[in-house]
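Participant: Encoded as structure tokens, here's the structure I'll be asking about.
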Amino acid sequence: MAMLEVKNLEVYYGVIQAIKGISFEVNEGEVIALIGANGAGKTTTLHTVSGLLTPKSGQVIFEGEDITKVPAHRIVSMGMAHVPEGRRVFAQLSVYENLKMGAYTRKDRQEIEESLRSVYKRFPRLEERKNQLAGTLSGGEQQMLAMGRALMSKPKLLLLDEPSMGLSPIFVNEIFDIIRSVSESGMTVLLVEQNAKKALSIADRAYVLETGNIVLDGPAKNLLEDDSIKKAYLGE
Amino acid sequence: MSFISYLINGLSLGSVYAIIALGYTMVYGIAKMLNFAHGDVIMIGAYVAFIGMSQAGVSPVIAVAAAIIVCTLLGIVIERVAYKPLRNASSSLAVLITAIGVSYLLQNTALLVFGANTQTFPSVVSWGGITLADGAMNISGVTIVTIVVCLVIMAVLITFVQKSKPGQAMRAVSEDKGAAQLMGINVNATIALTFAIGSALAAVAGVLLCSAYPSLTPYTGAMPGIKAFVAAVFGGIGSIPGAFIGGLLLGVIEILGRAYTMSQLADALVFAVLIIVLLVKPTGLLGKKIQEKV
């Protein structure tokens with residue numbers, strides 16, 4: 001059984017249909033990339049999976065449970081964490097407070113401390129700046145904070161929306177190294193990226209979205225070699 | 001001597017403004033709306049306490065508790081029925097106009113239920129206060145209790161927002177509703193809680209205000225409501241310490257203005273100060289500059 005199953009999802013903004021009946025699945029331990037151009041519906045898909053948007057029809061099934069109509073705040077404690085586009089860290093709160101906010105749904109104090117230590121271990125820069133206001137961090141550091149904050153909820157599935165957006169090439173590489181290492185530690189990842197080359201380089205499988213439809217899917221390696229992908233998304 | 005006694009009276013009136021302003025500022029900080037019906041919740045709280053003491057004959061403590069409970073529920077109902085459906089409205093004017101509508105609804109309902117006659121509010125504080133400087137200066141019990149209550153509320157509220165879990169949720173929601181949801185925070189419940197706290201404080205303010213200035217009519221809440229709004233803006237809307245400082249300053253300015261200039265000028269003075277502050281510092285005394293996200 002897949003960890004996440006999305007079936008015939010249709011999402012509307014008012015009268016405009018953004019997602020036109022897509023289906024895909026994410027198995028435990030996989031890194032799945034959703035790639036596509038601006039406006040293809042990648043972010044909308046993630047928002048629907050994590051409950052920020054409710055689809056007009058179709059289903060989202062997480063670990064065998066239908067969560068299509070479950071509000072976002074209740075999905076978090078079921079084991080899904082969503083790192084939104086543009087990081088959305090709490091700028092007026094300190095780095096430490098942001099991380100604590102990530103553990104909002106958890107009650108096990110000692111284990112929260114343990115998670116905090118492991119986040120600091122993964123992102124030493126966050127520990128160095130733990131008392132700094134999140135708004136004063138650089139873009140790359142904010143991305144690390146957003147990911148660390150998501151990890152604080154102890155998720156089984158991590159949704160990442162455009163983690164490389166607006167970052168310098170050095171930070172892009174660093175962020176992708178982190179995603180890889182998070183995945184190697186056993187995390188299942190659903191990654192939305194415009195940087196198709198980078199995304200495909202770390203993904204197991206990928207789905208290509210075009211104006212609300214999945215037009216292609218398969219193992220990431222094969223897609224990297226696919227001529228139409230090369231032409232449309234890899235700039236080759 | 002008289003200056004000190006004016007100052008203390010100003011701080012006491014300012015404490016009432018501060019308690020009301022807290023409701024304005026918290027609701028603004030979290031729901032990003034101006035709840036212009038907030039002043040009228042004060043009036044409802046005062047009427048509940050008045051009826052409890054004068055007609056039902058219960059003790060002041062029970063009357064105040066009843067006022068707090070009624071106002072808390074009223075605040076939650078107003079938010080749920082009038083404001084929540086408009087939360088995603090395209091224009092923020094919609095909810096502002098609705099708030100003004102709710103204000104009139106409360107005033108006119110009070111007119112219908114309690115009548116237009118001015119009622120004399122019995123003070124909830126029976127303590128006569130203290131006399132200083134061989135009888136030259138008398139500070140009334142209500143004045144002292146009001147200041148103390150305001151200080152206690154401030155301390156509790158700041159600790160609550162900084163330390164408690166619901167307080168943390170409030171801070172997160174006030175910054176970014178969407179991100180707060182992704183942390184597992186129930187945004188609707190957090191906004192409802194904010195209205196509940198603000199309205200409970202309005203009940204306390206109503207009782208204290210009417211204990212010091214005992215005439216109660218359906219319009220009693222309107223002017224203090226507007227002045228507390230001024231206090232909130234003055235201190236920097238959205239900031240809890242700002243509401244406190246803004247409220248106190250406003251009360252002192254009003255009382256000193258009344259004492260040393262013409263008493264008819266006092267209100268004009270209050271608003272003149274607001275205009276000057278906003279010209280010099282548009283975000284208010286403690287207001288944060290809002291950073292535009294790129």
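Backbone N, Cα and C define each Cβ position, glycine as well.
Whatever TrEMBL says is automated annotation, not expert-curated.
Pulled from TrEMBL, these are the listed features:
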- B:6-27: transmembrane segment (TRANSMEM)
- B:60-81: transmembrane segment (TRANSMEM)
- B:93-116: transmembrane segment (TRANSMEM)
- B:136-161: transmembrane segment (TRANSMEM)
- B:182-209: transmembrane segment (TRANSMEM)
- B:229-253: transmembrane segment (TRANSMEM)
- B:265-284: transmembrane segment (TRANSMEM)
Participant: Do any residues, 6 or more residues outside the transmembrane segment (B:182-209), come within under 8 Å Cβ-to-Cβ of it, and if so which ones?
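Facilitator: The answer is 15-16, 19-20, 22-24, 26-27, 30-31, 35, 38, 41-46, 48-49, 63-64, 67-68, 70-72, 74-76, 78-80, 84, 124, 142, 145-146, 149, 153, 157, 166, 169-170, 172-173, 220-221, 224, 228.
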Participant: Under 8 Å between C-beta atoms and at least six residues away from its ends: which parts of the chain pack against the transmembrane segment (B:265-284)?
Facilitator: 223, 227, 230, 233-237, 239, 242, 246, 249-250, 253-255, 257-258, 290
Participant: Are there residues at least 6 beyond the ends of the transmembrane segment (B:6-27) whose Cβ is under 8 Å from a Cβ of it, and what are they?
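Facilitator: Hits for the transmembrane segment (B:6-27): 33-35, 38-39, 41-42, 139, 142-144, 146-147, 149-151, 153-154, 157, 170, 194-195, 197-199, 201-202, 204-205, 208-209, 212, 224-225, 227-229, 231-232, 235, 237-240, 242-256, 259.
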Participant: Should anything in the same chain at least six residues away from the transmembrane segment (B:93-116) have a Cβ under 8 Å from its Cβ atoms, list it; otherwise answer none.
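Facilitator: Long-range Cβ neighbours of the transmembrane segment (B:93-116): 33-37, 39-41, 43-44, 47, 78, 82-83, 86-87, 217-219, 222, 225.
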